[in-house]
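**Q** My structure is below; once you've seen it, I'll send some questions.
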Amino acid sequence: NNCPPDWLPMNGLCYKIFDELKAWEDAERFCRKYKPGCHLASFHQYGESLEIAEYISDYHKGQAEVWIGLWDKKKDFSWEWTDRSCTDYLTWDKNQPDHYQNKEFCVELVSLTGYRLWNDQVCGSKNAFLCQCKF
C-alpha cells in the first residue's frame with residue numbers, strides 16, 4: 001500500500017474524496033492534474049462500492065453528491081469510465097439513469113443512499129468528487 005495517509009487503498013489503487021465543489025469536467029481535469037494516471041474513480045464490483053461508500057461517509061465534509069468517472073459521452077446510454085476501464089458493473093438508484101430532460105450525462109454517488117447508488121446528473125452541476133490514483 002503506497003497510498004498517502006489520507007487516501008483509501010483498494011485493489012492496488014488509491015482513492016480520495018475532495019470536498020471542493022466542481023462541475024464534472026473540471027473535477028476530472030483536477031484528478032488528472034493531481035498526478036499522471038489519476039482520474040475520477042471507476043468501480044468494478046459491489047464490494048468496492050461498499051468500501052468507497054463507507055470511506056466517503058466517514059471523510060466527506062458536507063452534504064454534496066459526489067462525482068465519479070462514469071459518463072455518457074455519446075449521449076445514448078452507453079456509459080464509459082474516464083480511465084477507459086471496462087464498464088462491467090453498474091449500481092443505479094431507483095428509476096435511474098433517466099437522462100432527465102435529455103440533459104443528464106454524468107454520474108454522481110447519491111448521498112441519500114449512503115453514496116452506494118448512482119444517479120445521472122447535469123454535468124455542469126457542482127459536486128464534491130472522488131479521485132483515483134496509482135502511487
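Backbone N, Cα and C define each Cβ position, glycine as well.
The model shown is predicted, which means the values in this text are computed figures rather than measured ones.
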**Q** For the disulfide involving Cys131, grab the partner from Cys3, Cys14, Cys31 as Swiss-Prot records it.
**A** Cys31
**Q** How many Å lie between the Cα of Cys3 (disulfide bond) and the Cα of Cys133 (disulfide bond)?
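**A** It is 9 Å, counting Cα to Cα.
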**Q** So how many of the residues in the domain 'C-type lectin' (10-132) end up helix, strand or coil by DSSP?
**A** 31 helix, 39 strand, 53 coil
